[in-house]
């Protein structure tokens with residue numbers, strides 16, 4: 001028994017135990033048990049004997065011998081012995097915060113239900129669940145320093161449909177939507193399944209008996225009270241300390257899984273409804289075996305837990321962080337050797353599943369708040385003592401009061417106005433308060449600038465006369481644009497992006513608010529056309545001067561026509577445009593006079609120096625010099641005009657954005 005309790009030397013694997021049901025036709029020759037009680041050899045006789053296959057002319061290569069290694073074998077063992085070996089340690093681990101699962105697998109009639117719940121006729125035939133409940137409440141009474149809460153659920157999976165076996169209890173909720181498996185906080189739960197509080201062993205046993213009464217059973221060839229469903233009796237344990245103000249506590253659950261029979265359908269001789277139930281049972285057990293095989297593969301990424309309700313609910317109960325124990329129930333009858341081999345092969349696969357239990361420790365937020373509040377109070381006292389010892393008793397770490405906030409606001413305002421050179425900062429809370437006050441001051445200044453700008457725009461639209469921006473309205477101008485660059489004082493920054501705009505009258509707007517840029521382009525085109533026409537005109541004795549005067553008169557007239565009414569024009573843009581137009585007209589006139597002088601000189605005959613250079617008179621030399629100066633001035637004015645056009649275009653965009661924002 002000591003060897004059986006030790007479970008061998010294997011670690012971090014699912015424990016597998018075998019329980020053999022006694023039988024009158026026990027196959028002593030076919031099933032051989034190891035004297036140490038940890039291995040099992042099975043020899044299945046070949047059909048027809050060893051001579052018949054050879055007489056037919058072929059060799060029978062079918063395997064007939066198996067050897068299985070287990071953690072222990074129960075043969076003619078009592079219920080108490082089984083519980084002390086596999087169940088007692090599971091209860092103690094559950095109280096320590098570890099999840100546990102006991103699963104019985106085998107064919108119908110092998111003793112699965114007898115192992116889990118036992119027989120009700122005799123007290124000493126109680127199964128694992130009643131004995132575990134009795135052991136659990138004895139441990140709870142012994143551990144007076146712990147507050148342990150016990151909750152119980154009883155789930156049945158019948159024809160791949162989940163049912164609550166405790167739905168008939170008086171305190172159960174009315175059945176609503178179907179039961180649904182959910183995964184929360186790393187665990188698996190059934191939404192809609194009634195969880196009952198069991199404060200005593202009597203209440204827990206009543207829940208067990210109520211669930212057993214509601215189970216689905218039927219009779220067939222192997223068992224007159226065969227379970228036609230899988231049942232899972234779960235005990236939830238919540239353990240807290242009564243005396244320690246610790247926010248940590250443990251949550252664990254212990255599953256007792258009674259699987260339906262795994263035999264072949266032909267052995268049960270089932271028909272009708274029983275046959276349909278058997279097909280669902282075999283299907284779910286097949287998915288369970290696939291899940292176990294997937295868990296044993298090292299490089300397997302996906303485990304098919306969701307193939308059936310059974311495997312999905314047992315997702316956190318098969319190996320992993322749960323302490324899992326499998327009891328393989330076999331029937332030592334000669335007629336059941338094939339089912340015995342099938343059960344042991346599943347047990348062998350189960351023994352390869354990794355299992356490393358972990359403690360399920362959680363934190364209670366309400367208790368943690370109290371602990372942290374006490375710790376903060378102690379740290380404040382220690383900090384106050386430290387400040388007192390270092391002559392810093394005037395420093396406070398409490399939240400800023402309204403009086404202190406008022407004094408800080410005055411200091412911030414004086415600092416902004418330049419009356420105060422430094423603000424004395426003594427704590428993090430004070431620094432945060434100062435930053436908040438600075439932000440309030442910035443927002444107030446921005447709102448004031450926006451209000452002044454709106455008043456300015458309203459006055460311009462109402463009076464139709466350029467208004468002078470109020471003092472301080474140009475403080476929001478960005479570094480790239482200023483009033484001096486735009487030819488006047490600027491206003492702006494409506495949205496805090498540091499852009500500036502000039503007054504409307506200073507960027508070339510008429511009374512309707514339309515830019516004069518298009519009119520200036522028309523004037524420039526007219527001037528260019530006039531100059532071209534003058535160049536193409538035939539020169540005569542007095543024709544050059546007359547045509548130039550006419551062109552100059554036309555240009556001056558065009559410029560006069562394009563000037564804004566009421567004497568309003570852009571001080572920078574209009575001046576540059578007029579200067580460029582005047583320079584162009586003077587250049588054309590000078591070129592015409594120079595051409596006339598050249599024609600006159602050539603008519604009188606050209607004179608040359610000894611070196612062969614052409615000699616011109618003083619009047620022609622002065623005109624050439626004047627034409628050169630006019631060209632240089634025209635080029636400078638043209639560059640200035642180009643720069644002003646760029647600024648005007650930028651200001652136009654800014655005015656459009658400002659108007660759009662004002663409308664919004």
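Just so it is clear, glycine is given a Cβ too, placed from its N, Cα and C backbone atoms.
Summarising the annotation, TrEMBL assigns domain 'Kinesin motor' to 13-353. The annotation region 'Disordered' is assigned in TrEMBL to 37-60, 467-491, 525-565. Residues or ranges marked as compositional bias 'Low complexity' in TrEMBL: 45-57. What TrEMBL lists as ATP binding site is 106, 107, 108, 109, 110, 111, 112, 113.
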Message = Just to be sure I understand the packing, how many Cβ atoms besides its own are within 10 Å of the Cβ of residue 113 (ATP binding site)?
response = 26
Query = Using a 10 Å radius around each Cβ and counting other Cβ atoms from all shown chains, which of the binding-site residues 106, 111 yields the largest count?
reply = 106
Query = Taking the Cβ of residue 110 (ATP binding site) as reference, which residues of that chain separated by at least 6 in sequence fall under 8 Å from it?
reply = 21, 261, 329, 330, 331, 343
Message = Test of understanding: give the count of other CB atoms lying within 10 angstroms of the CB of residue 109 (ATP binding site).
response = 26
Inquiry  = Taking 10 A as the limit, how many CB atoms besides its own sit near the CB of residue 107 (ATP binding site)?
reply    = 26
